[in-house]
Amino acid sequence: MSAEVSTTPAADNVNGTPEATNAAATSAPEVTAVESSSPTSPNNNNQPHSASLYVGELDPSVTEAMLYELFSSIGQVASIRVCRDAVTRRSLGYAYVNYNNTADGERALEDLNYTLIKGKPCRIMWSQRDPALRKTGQGNVFIKNLDSAIDNKALHDTFAAFGNILSCKVAQDEFGNSKGYGFVHYETAEAANNAIKHVNGMLLNDKKVFVGHHISKKDRQSKFDEMKANFTNIYIKNIDPDVTEEEFRKIFEQFGEITSATLSRDPEGKSRGFGFVNYSTHESAQAAVDEMHDKEVKTQKLYVGRAQKKHEREEELRKQYEAARLEKASKYQGVNLYVKNLTDDVDDEKLRELFGPYGTITSAKVMRDSTPAERTETPDSEKEKEVNKENEKKEDEEKAAEEKPKESDEEKKDETKKSDKKLLGKSKGFGFVCFSSPDEASKAVTEMNQRMVNGKPLYVALAQRKDVRRSQLEASIQARNTIRQQQAAAAAGMPQPYMQPAVFYGPGQQGFIPAGQRGGMPFAPQPGMVMGIPGGRPGQYPGPFPGQQGGRGMGPNQQMPPNFQGIPMGAMQGPGGIPNGMGYPQAMGQVQFGRGGGRGQVPGMPMGQGMRGPGYQGRGGPQGGPRPQGGRGQNAAAQPAAGREEAPAGALTAQALNAAAPPQQKQMLGEALYPKIQAQQPELAGKITGMLLEMDNTELLGLLEDDDALRAKVDEALSVYDEYMKNKGEGEAPADADKPKEAAKETATEENKS
């Protein structure tokens, strides 16, 4: 992740004092002697050119103020920067401290290294900006098999006797515990060789340590591949627990000289069923693998193979899992269906019965909670339980009095099934059905999607992986945001082309958008400026269009832009092709509000040259005079004003619906449904519309597209309403549409109970 970094002084100024400079880097500079990169720093003779220190191993809560309080005790601090993540602004655990002179930096490195800050010892070293010097492995020493009690300071004190240390670090896990290995970066290669010569094989805290030159990961990988090809250590599992160490060694001695053989045992001394054998030559190990793999020893078939390290096994298992996952995904591509909106009483068998007619089902599963659902007890259910208990007591007495034969196997199986069903958790309302072929799956989607099952319409679609669903969701959210922006622009009172301000284009330049332009009237035309519209070079219309200097307005045969359909021609014709001051807002008002849309002059906009007062309808039109009714000009009779036409009910799309706010979605659906329902039931159209609006928005969109389904829903709502009226009586007519809705809910509840 990206981070902000304050770097070291770059160069000396005239007075010889280095200047602190700031820069940005994408990651923490690896100046530590770590496994992934092996930095090098110049010797002390070159250090006066830099007075910047790297401070690592910091607690995430450490701030610049805390560091300033500590490092200012040494000398005057030029700047301090704690490096943070560019997005979350959380500390990355390291910082840079820039002093005004190098002597203060040297004193801070000597006195403050491994000082406790917020309970954690900090690690200080000279900062090195040159990555080429940081990543050379010269002088870097690797130490393993360290005792857990050895920390950075103890390691530094141990190896400081062999030369000047630039960096020293013990690797730790996420909990701060030592991983048992570390790195010491010396100033010179001679010091590193001296440390390896004297410390390798010695005891540190009663543990024999290995000390050697650090090998980069790339070189280690090539060496590791060579070791894999010439292995001598083999792993054996599925060993019979009765096999002893002597028997185990004797089984594998026939293939060559064994340097070591061991059986793994638990703390109680019992065999854990696996062991290791190490041969002196690769040929012997390979022969043992070839001969003993899958061979039975004391009725146990052995597994014999090359011994692997833990990280190697984990990587291999990860690859196997990924390959199996991809194979499974390709195998079930187009045949696995996702079904939701299931009622609680639908189980695996019921789901299989529903989709069985469409093909061969390989699996059907209803997803359930991990724990059984607790039934809510009502007074009625408590009474039923008491009655059931009394009946059970009577039955037990009768069974005790009469000797009955043992239950048959079938009865036991039935009871087992019932007990299993009781242990099942509550249904999550969705499941999966897998067919044997894609054709059967597509047929099931076509037939079963939106089908009513137990009073609820099913949603059936092809199952998708989580990452695919996430990408589709992100795309839909982005499209929804785009629609919202377009609707907000339309609400400002301008067609889309005029929503974009005028853009200036210099020779060979992309142009700029003037700041402060809000929705409404466009900029007055100026030389070198064209009106902004989508497509090609933004804001350019083909041919002379209003807004170009010296133009005469729109020609009589010129095609109008898409969003100008419905605007009176007089509103776009005036001297110089400039939209008239009053005609243009009135035309916009007619487009948005239909009759009476004329709004007059925009408040606060002065009447400039080329703009006319009320009633002006283009070049040569009358000025002044009474305005006709409805706010239209005198040309309105000759040219019918294109008011906003009623959109057909079926024009409502899911994309437009999702772009609206949740409270407005039901209103939009109601406005689209009402005309269709009114055509079928003029008297009860309002009540039926209100009843249908209780359904999900996706189902309502489906009804708008399917007249047969809508007719069936209207008939169903009528039957519910008629039943409600019969129960209430003709004299108690409902006062509003809420009562039939309640009746519909009561009827649905009774149907579910039955």
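Glycine is treated like the rest: Cβ placed from N, Cα and C.
These features come from Swiss-Prot:
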type	residues	note
COMPBIAS	1-25	compositional bias 'Polar residues'
COMPBIAS	36-46	compositional bias 'Low complexity'
COMPBIAS	366-420	compositional bias 'Basic and acidic residues'
COMPBIAS	634-648	compositional bias 'Low complexity'
DOMAIN	51-129	domain 'RRM 1'
DOMAIN	232-309	domain 'RRM 3'
DOMAIN	335-465	domain 'RRM 4'
DOMAIN	649-726	domain 'PABC'
REGION	1-52	region 'Disordered'
REGION	365-420	region 'Disordered'
REGION	595-648	region 'Disordered'
REGION	729-754	region 'Disordered'
DSSP helix/strand/coil residue counts for the domain 'RRM 3' (232-309): 20 helix, 30 strand, 28 coil
Secondary structure tally of the domain 'RRM 1' (51-129) (DSSP, helix then strand then coil): 18 helix, 31 strand, 30 coil
Residue counts (helix, strand, coil, in that order) that DSSP gives for the domain 'PABC' (649-726): 65 helix, 0 strand, 13 coil
